[in-house]
Amino acid sequence: MSKVAFLGAGSFGTSLGILLGNKGVTVSLWDRDENVINDINVNRKNDKYIKDLTIPTNVTAYKDLDEALNGAEYVVLAVPSHVIRTACKNLKGKINDDVIIINIAKGIEEGTNLRLSQVINQELPNNKVVVLSGPSHAEEVSKGIPTTLVASSECMECAEKVQDLFMDKNFRIYTNDDIIGVEIGGAVKNIIALAAGVCDGIGYGDNSKAALMTRGMAEIARIGIKMGGKAETFFGLTGMGDLIVTCTSMHSRNRRAGILIGQGKTAEEAIEEVGMVVEGIKACKAFYELKEKEGVTMPITDIAYKVLFEGAKAENAVSLLMERDKKKEEI
């Protein structure tokens, strides 16, 4: 049976660790937080991130990275997007070239505007990378609620190995070779979810959210295709599927942050109240720069940028969005 090491014992990493542990896989969870480590190893819980769950005994938490990695055939990067490069640097010289790297973070590297698999390839060029993405909240995965994701890689053999590793009666995995499209969909949908939350916070209704999600889907496809993704990817699980769940669920930290901003809080205040990383804020800045560079029209991203980084009032920004020049509906 395989051994899987997770870098990061947060909500999603822990949930996937539980899933694998229940399948009989040996799982190690590496984290810096000694309280989290003790809670997992002593109490078989991780109350800091997810309540009301029991962690199997074949899931062990470590503070020592070498111990966590010992014997692992797969390493799952379960850390926020802005620390992916640091995490990969920490893996150098500690894993063999045949270890498959599985990334579950969604975002883009701030400053370089690289996709996360590109960052991983820069730091660990000899290891194959698989992106595991799609509509999934840790709170539901940990409870065994039916969930479907995509394992995407340039190496289809690796994607199929990850598919076999995670497939379970309540956890279905499809494979996909469009890693560009999968990563762009997973990153941009966080911006749209923020905007959807803002609409909820202002008090707008279902009409507004339906329009925003639909036109947001167009923005995702537009920038994704420009960057080399396949059109069909954006209408699958990692595009439309992920967009739906992130824009509509209260499990979504991006939507929750957007609600707070719509109610008048600043981005900084919203992040503090949510208490976890809000990837859509960093993604908004990165894709604002990328769409300028690539010459892609992304009006929702434009408006989100004005609210997040230029101090525009949410209601005024929505008016700007609605009052643009008339045009034909198209992607």
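All positions are counted from 1 along the displayed chain.
Quick reminder: no glycine exception, Cβ is built from N, Cα and C everywhere.
Keep in mind that what you see is a predicted model, and the values were worked out from it rather than measured.
Here's what Swiss-Prot has on this protein:
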type	residues	note
BINDING	S11, F12, R32, K106, A138, R253, V277, E279	NADPH binding site
BINDING	K106, G134, S136, K189, D242, S252, R253, N254	sn-glycerol 3-phosphate binding site
ACT_SITE	K189	active site, proton acceptor
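The binding-site residues shown are A138, R253, V277; of these, the one with its CA atom nearest the CA of K189 (sn-glycerol 3-phosphate binding site) is R253. Cβ neighbours of R253 (NADPH binding site) (same chain, under 8 Å, six or more residues apart in sequence): V274, M276, V277, V278. Using a 10 Å Cβ-Cβ cutoff, N254 (sn-glycerol 3-phosphate binding site) registers 27 neighbours. The number of other CB atoms found within 10 A of the CB of S252 (sn-glycerol 3-phosphate binding site), across every protein chain shown, is 24. It is R32, among the binding-site residues R32, K106, K189, whose Cβ has the fewest other Cβ atoms within 10 Å in the structure shown. Of all residue pairs in the NADPH-binding list (S11, F12, R32, K106, A138, R253, V277, E279), the one with the greatest Cα separation is 22 Å apart. With respect to F12 (NADPH binding site), the closest of these binding-site residues in Cα terms is S136, chosen from G134, S136, D242, S252, N254. Listed binding-site residues: S11, S136; maximum Cβ neighbour count within 10 Å falls on S136. DSSP assigns K189 (sn-glycerol 3-phosphate binding site) to a helix in the three-state reduction. The sn-glycerol 3-phosphate-binding residues named in the record, K106, G134, S136, K189, D242, S252, R253, N254, extend over a maximum Cα to Cα distance of 16 Å. Other Cβ atoms within 10 Å of the Cβ of V277 (NADPH binding site), summed over all protein chains shown, number 19. The number of other Cβ atoms within 10 Å of the Cβ belonging to G134 (sn-glycerol 3-phosphate binding site), over all protein chains shown, comes to 26. Cβ contacts within 10 Å of E279 (NADPH binding site), excluding its own Cβ and spanning all protein chains shown: 26.
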